[in-house]
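Reviewing the structure listed below.
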2 protein chains.
Amino acid sequence: MQTIRVETPSARYDVFVGSGLLRSLAPRIERIAGRLPRRIFVLTSPEIWALWGKALSESFPEPPLALFLPAGEKHKNLVNVEKMARQMIAAGGDRSSLLIAFGGGIVGDVGGFLAAIFMRGIRYVQVPTTFLAQVDSSVGGKTGVNLPEGKNLIGSFHHPLAVFADIGVLGTLPDRELRSGLMESIKAGIIRDRTLVRFMEEHVDDVLRRDPKALEKVIAASVRMKADVVNRDERESGLRMILNFGHTLGHAIEQVTRYKALLHGEAVGWGMIAALHLAKKRGTISSRQGERLESLVYLYGPLPPLKLRPGKLVAASGSDKKNTGGVRRFVLPVGIGDAGVVEDVTPAELESAAAYMLARAAERHA
Amino acid sequence: MQTIRVETPSARYDVFVGSGLLRSLAPRIERIAGRLPRRIFVLTSPEIWALWGKALSESFPEPPLALFLPAGEKHKNLVNVEKMARQMIAAGGDRSSLLIAFGGGIVGDVGGFLAAIFMRGIRYVQVPTTFLAQVDSSVGGKTGVNLPEGKNLIGSFHHPLAVFADIGVLGTLPDRELRSGLMESIKAGIIRDRTLVRFMEEHVDDVLRRDPKALEKVIAASVRMKADVVNRDERESGLRMILNFGHTLGHAIEQVTRYKALLHGEAVGWGMIAALHLAKKRGTISSRQGERLESLVYLYGPLPPLKLRPGKLVAASGSDKKNTGGVRRFVLPVGIGDAGVVEDVTPAELESAAAYMLARAAERHA
C-alpha cells in the first residue's frame, strides 16, 4: 500500500492506494474519524453495489445505508442530490453523519457535493471504483453536478476525510474504461513525472493485464502528481491549470459529441495528441519527444474514431468555463515531465492542432 | 455610517451600516473587489425590485441583471436555485461574475447558496432589506435552502465580500416585520451586550418610528455582537450556539405552526419568554432581571397569540437539527449581557417553560 498526503490551506488527508482496502474500511475510517459515526451512508450505483457492496459492508458493525445513483451523466443533477438528501433525513442523518462515495467519477462528484451541502457540510470519504476516479477525480476536492447547459456548472470545493483506492475493485472494470483512465496517468507523466512516462512505456503489458504491483505504481504516481499540484494551488488559480493538459480540445470533443461517443479519458487522449502537435510547432518539445509521447498514447489505445470538423471543435473550445474573462488558456508540455500555460494560442493554431489530430484519427481507423 | 469587521479563519469582510449605501453601491463594490466584475447579477424579490431596484441600479455603468425569487419560504428550494443558475449561464455568467443578494433573509440565504455553488463558488455581496436580515441572517456566512422535511437542511458556509445594510431601505418595511426583527436585537443584548439592552429600553419610540440614528445604533450593535461571536466560532462548534437563545422553542413554535402564523422574530420573542422563565428557575438570572427582560420583549411587541399544547412544542423541539447526537442543548442567559449553554435540560423543564410562555400568550390576548 502507498499513502499520499494531500495538504491544502483548508484540508489535510491521505489517499491510500493498495489491495484489500475495501474489506478493512470500517477500522480505517474509525482510525481517521476518531470513532465510527452513528449514521453512515453509501452513495453508489446499483451495478457497483451488486458487485462489491458485500465486501464494503462486511467490516461495519451495521451495514451502511445505500443511496443509489443510476449510471450515466444524465443522472448527475440537482434533482437526484435533493432526492438523496431527503433519503438521508428520513433515515435519521444529521451533521455527524458520514457519507461514503463508492463508485466512479460521477458518484464521486455527486457524493462529494451531497456531503458538501447536506446540513451545510458533513464528512465523507471517497472509495473510487474506476481507474479514472482513482487517479483523478477523487483527489482535489472538486465536487459537483451538471446543468442542462453544461457539466459541473454547479458544485463546491469539499475535501474528503480520506480516499481509499482499492486496486482489487478494478478487477471488474471493463477494459475500455481502464484504457481510458490510463490517459490521465499518461497526462500526469507528461506534465510532471518523466519516471512515470518511462514506467508506462516499459510496462504496457503488466498494466493492461492489471498486475496489482504495476497498477499500484501507476495509480500512486498519478495521485502523487495531482496531490502535489493541488497542494500548491487548491483553488485552481494558477498551477492547477496544468492539469488541463489535453483537456481544451478533449472537452471540445466531448461537447461536440454530446458526451456520448467517447469516454472522458479517450477524449483527453485525442486532446493530448492535438496539444503535443501544437507543442512541437511551438518548440516547447522536440519532434522526437513529440513522437515518443504520441506513441505512448497509442500504446494504451485504441482511441475511438472521430468524425468532426476542426472549426467546430475550435468553436466549442471557446465555451470552456475555465476560460475566464475571454482569455484562451492552453497547457503545453515543456520537454518530458514539465508543462506551462500560455494565453496567446490563436484560433488558427488551435484549428491546425485539431486538424492534425483528426488526420491521425482518420489514419488509425482507415 | 458604522463599519463592523467580520474576521474568521476563512474570510475577512466588512458590514456597513448606514444611510445612502444603496445609491453608492457600485463604487463601493469596485473599491472592495478591485474592479467591477464584467457580469453582475441581483437576486431579489419582485416587490423589493419594484420599490428599490432603480436606486440600486443607478450607480452601475450598466444595470445588473435581476433574477427574481418570489416571496415566501416555499420558494426557498433547490428547484429555484437551479433555475436561477441556468439564467446566469444563459446571460454569460462565469467564475468572475458577482451576485448581489438584495432582499430579506430568504433572498440572502438563497443568494448566498447560489453564489456558493455556481461554478463551485463566485463572489457575492449582501444587501439586506429587512431589519432581521440586516442584524442577523446577512452576517455569518450561513447560506441554504429548505427541503420538504425541514428548513435549511441544504446549504453551505460561504461568506460575502461585504454586507451593505442601508437604513433607508427600512422605510418601506411593514411595521410588523420591523418589530419582529427587533427581537433578534433584544436577543443580542441579552446574551452579550447590556448597553444595547439599556439603549433599547430607553429609546423604544425612536426605534419604532425609525429614527435613522437610533436604528443605526441598534443595528450596528446587533451586528457587532453577531460578528464577534462568528469571529470566534465560525462553524458553530461552541460559542456560536449562544446565538440560539430563544430559538429552541422558537423553532418548535414555527414548526408546529408550519411557519405560517408567526414571523421568525415573533417566534423567537416567545421562545425568549420561555427561556427567561427557565433561567429564572435555574437561578442563572434573578427574578428581577427576568421580569426586566421579559418587559423589554413586550415593549417591542405585540407578539401574536399562540394556541398550542406545551407537549407538542417539546416534542417538536427534539427534531431541531442543531441537537447532534441526541443531546438537547439549551441556551440560558446569565445575568444581563452574558449567556451559556447547558445540556441537561429535562423534557419536564422544557414543558414547564413552554406552559409559562403559553400562559403569558393567553393573558396578553385575553
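Any Cβ shown, glycine's included, is placed from N, Cα and C.
Secondary structure of the domain '3-dehydroquinate synthase N-terminal' (A:68-179) per DSSP, as helix, strand and coil residue counts: 47 helix, 33 strand, 32 coil. Per TrEMBL, the feature domain '3-dehydroquinate synthase N-terminal' maps to A:68-179.
Feature annotation from TrEMBL assigns transmembrane segment to A:98-119. Counting same-chain residues at least six beyond the ends of the transmembrane segment (A:98-119), those with a Cβ under 8 angstroms from any Cβ of the stretch are 25, 29, 33, 37, 39-45, 48-49, 52, 56, 64, 69, 71-73, 75-76, 80-81, 84-85, 88, 125-130, 132-133, 136-138, 141-145, 152, 154-156, 158, 160-161, 264.
Positions annotated as NAD(+) binding site by TrEMBL: A:T129, A:T130, A:K142, A:K151. Non-local contacts of A:K142 (NAD(+) binding site) by the CB criterion (under 8 A, 6+ apart in sequence, same chain) comprise A:D109, A:G112, A:N152, A:G155, A:F157.
Averaged over the domain '3-dehydroquinate synthase C-terminal' (A:181-323), the predicted model reaches a pLDDT of 92. Taken from TrEMBL, the feature domain '3-dehydroquinate synthase C-terminal' covers A:181-323.
Under DSSP, A:H247 (Zn(2+) binding site) is assigned to a helix (H, G or I) in the three-state scheme. Residues or ranges marked as Zn(2+) binding site by TrEMBL: A:E184, A:H247, A:H264.
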*If one measures from the C-alpha of A:H247 (Zn(2+) binding site) to the C-alpha of A:T129 (NAD(+) binding site), what distance in angstrom results, rounded to a whole number?*
22
_binding-site residues satisfying Cβ distance under 8 Å to any chain B Cβ, from A:T129, A:T130, A:K142, A:K151, A:H247, A:H264_ = A:K142
*asked:* Under DSSP, is A:H264 (Zn(2+) binding site) part of a helix or a strand, or is it coil?
replied: helix
*For A:H264 (Zn(2+) binding site) and A:K151 (NAD(+) binding site), determine the Cα separation and express it in whole Å.*
12
*the domain '3-dehydroquinate synthase C-terminal' (A:181-323): DSSP-derived helix, strand, coil residue counts*: 103 helix, 0 strand, 40 coil
*Expressed to the nearest Å, what is the distance separating A:T129 (NAD(+) binding site) and A:E184 (Zn(2+) binding site) at their Cα atoms?*
15
